[in-house]
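Enquirer: What follows is a structure written as C-alpha cells; I'll ask about it next.
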Amino acid sequence: GNMELQKSSLYRTIDRVPKLDHYSNTLPHKQAKTRPSLAALRKAFKASPQIIFKNHISKHITPCSLIRCMLNIWGVIMFLRLSWITSQAGILLTWVMVFLSVTVTITTVLTISAIATNGKTVSGGPYFMVSRSLGPEIGGPIGLIFAVANALSSALNAVGFAEVVRDLMASYGTTIVDSTNDVRIVGVITMTALLLISFAGMEWESKAQMLFFVALMISFIGYTVGTIIPQTPVKQSQGIFGYKSEIFLANLLPDWRGPSGDFFQMFAIFFPATNGILTGVNISGDLKDPNVGIPKGTLLAVFWTTLSYLALPITVGSCVVRDASGNITDHISANFTGPCTGLACNFGWNFTDCISTQSCQYGLANNLQVPLSPTSFHLITLGVFAASLSSSLSYLVSAPKIFQCLCRDNIYPYIGFFEKGYGKSDEPLRAYILTYIICLIFVCIAKLDIIAALISNFFLCSYVLINFTCFHASITNSPGWRPSFKYYNNWICMYGALSSLILMFLLTWWAALVTIIVVFLLFLYSSYKKPKVNWGSSVQAGTYNMALSYSVSLSSVEDHVKNFRPQCLVLTGPPNQRPALVDFVGCFTKRTSLMICGDVIMWMNKRKVRSFYTPIMANSLRGGTQNLLQASGLGKLKPNTLILGFKSNWKDSSPDNLEDYVNTIYLNRFVDSVAPFRLFDEQKESASVQELRGNAPWKISDKEFEAFKLKSERKVRLNEIIRRNSLNAAIVLVSLPVPQSDCPSSFYMAWLDALTCGLHCPALLIRGNQEDVLTYYCE
C-alpha cells in the first residue's frame, strides 16, 4: 500500500527541487553532508537528507560598522591638526583637501561595497577581498602592507593622545622627563592599556567604542557652543573672538609658514584622517551581516564625517585669528596711540610684539588645540581623548585579524605561528602581541607628522589595489563577479586607482617608491613559489578571456605556408608506455605547436611536453579516431596531422583488431555517409508486446500511460501557469525534471514538450550535475 507508493516513482508527481543549503558547504568553518547524487534522485523517493551546519564564529558580536567608521574618521588629525592646516592652507584650500580626499575615498567605498556584496565576506578585510579577486600574488603583498598600515595608524593615534596628555601636564607645570620622552612614556602606557582591552575580547572592545562615541558627541556639542557664546577676555587674548566676517575673509586664503608650508605636505598630514573608511571591512568577520553593514555603514559614515570636516574649517576659520599672544595685558586701552599690527587690532587687541618676533603661542597657526569649549575642563580635550583612543583601539584590533587571515592562507613562510586563534571569537592573541611590538617601535618616534606621512602612503597603496581589483573583475566579465551593489562603475574604479597612485608620489615620492619596490618583490616571491590555492580570481577569468579572444581572432587568419605549424593528434594509448613516440612528436612541435594525446597530466609536465589530454569512448579504434579528429581542438587550433604508433604486436592481434587498425589509416567515406539510412533490423508484425518492449524500450505501454497520467497532467497545468505569469518575460527558467529510470524516454520527451509548449519566449530547463557552481559561497 503506502510503502509501495513511496518506493515506486510512478506515483510521484513532484520532482525534488535543488536546495540552496546543498551548496553552502564551501563556507569556512562549516560542514555539511554530501548532497544527493543523480542516481539517488532517479531512484525511489526518500526523505531529504538533513543538512547540519556547525558554525564556530560567534554571532552575538554585532559591532556597528557606521559608528566604527565614524570614530576612526574622526581621529586625532581632526582635533590636533585640522585647525593648524586651515591656518596654513586657508579655508578654500582646506576644502580642496577635503574634497580631494573624499574623491579618492568615495570611489574606494563604492569599490568596497561592490566587492563586499559579491559573495560571503569573512575576516581579513581588504586583504581577503583583493586576494580572492586578484589571487595570492597581489593579495599577499597588500595584506602585509595593510596590516602594517593599521599598526602604524594605531601608533599615530596613541602619539596624538600622548601629545594632549603632555600638554595638559605642562599647563599644570608638570613633566615626567622632557617634552619628547613624555610622549614616548605616555604612548607606551596607552598602547599597553589598549592591548589589555583587546585581550578581553570584542564584547569589551565594542563597549569601549560606544563610550568613546558618546564622549565625541559631547565634545562636538561643547565645540559648537564655544563658537556661539560671547568670548571672555582670556579667550580673546588667545585669538578667539567668535564669528566675524573679517576673520573669515582673512583666513580664506593660504599663509604658508615654515619648511612644511606647502599644499602637498599639508595634504600628506591630513589624508590619514579619512582612512577610517576601511574600518568596517577590517572587522568583516565580526559583523552580523557584512554584505549590508559594510556598504550602508561606510557610505553613511563618509557622508556625515565629510560634513563635519567641511564645517570645522569654516567655523574655526571664522572665529580665530592666526596669531595671538595669550597675554591679557595686550588689550588695547581707550587712550592707546601706538602702532598695531594684525587683524586683532580691529577687535581691541594688540599682538604686534609676538607677531613681529614670531613668538605667538596662540591662534590658528600656533595652538594645535584651539580651546573653544565654554567649560573650565575643556570638552575639546575630552574629544581628543575619545577620538585618539577609539581609533587606536580599532586599528589595534584590525591589524591582527588581517595578519591572521594572511597567515592562514600560507602564502609566505615563517608566519604560520601567528595564525592560531583563541576562544569562541577566534581571537589572534599572538598577532596582537606582534602588532603591539610594531606599534611601540613607531610610538618611540614620538613625531605625529612623520608617522602620518608614512601612513598616507601605505593606505593609498591599498586603495590602488582595491580599486584595481574591482576594475579588473568588471572588465574580465568573470562569472564569479555579480555584486548586488550596483552603484559603481569600472572606469570610476580605475580613476580611483590612478588618482591614488599619483597621490602616493605627490605626497612622499621616496616612500611611494619604497612601497612599490616592496610590493613588487613580494609579488615576485609569490609568483615564484606559486601558493597551492585556487580562489577563482579575476586573473584566471582574464586568462580565459584572452585565450578565447585570440582563438576567435585566429579563425579569421588565412593559412599560409610560412605560418604552417603541425598540429598533431598522437594516438599513443597510455603515453607513459610509449615515451619515445611522445618525445619524437615533441621534437618538432617544440612547445609552439598543438599536440593532443591521451596522457596523465603530471607525467606530461615532468617530461616538459606541452599537450592536451582528450579521452573518448568508441566501439573501435577507427570510429574513435574519426570522432577525435572532428571534436578535438577549438577553431583553428584543430589537429591537421594524425600520428599513430606502429602496431608492433600485429602478428598476435585478432583479424578484426588488425582490420580496424588498417581502416584507421584508410578512412571507406561513402560507407559512413550512407550508414544512417541503412535498415539493419526488421520489425515483425506478429511480435508480442514483450518483444516489442525489449526491442524498442522507448515505446509506451497502456499500463505506463495510466501510471504517469497524474504527472503528465501536472506538466500541462504547470505550462498553463507559466504562460499566464510570464507574458512579459524575455526568458523562462524551469527546473529540468529528473528522468526516472522506469520512465520511457519518449514519455519524458513528451513531458518536456508539454512543459514548454506555447511559450512566446525561449525556455531554459536547468538541472545541475552535482558540481559546485554557486560562487556566492566560494572564498
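Any Cβ shown, glycine's included, is placed from N, Cα and C.
Automatic prediction, not curation, is the source of TrEMBL annotations.
Source: prediction; values computed, not measured.
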Enquirer: Looking at 297-316, 457-476, which one does TrEMBL call transmembrane segment?
Expert: 297-316
Enquirer: Averaged over the domain 'SLC12A transporter C-terminal' (668-778), what pLDDT does the predicted model reach?
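Expert: Value for the domain 'SLC12A transporter C-terminal' (668-778), mean pLDDT as a whole number: 69.
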Enquirer: For the transmembrane segment (297-316), which partner among 66-86, 185-204, 429-448 gives the most CB pairs under 8 Å?
Expert: 66-86
Enquirer: Given a Cβ distance threshold of under 8 angstroms, which distant residues of the chain, six or more beyond its ends, lie next to the transmembrane segment (429-448)?
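Expert: Distant Cβ neighbours of the transmembrane segment (429-448) are 76, 80-81, 147-148, 150-152, 154-156, 158-160, 162-163, 180-181, 183-184, 187-188, 191-192, 195, 198-199, 396, 399-401, 403-404, 407, 417-418, 420-422.
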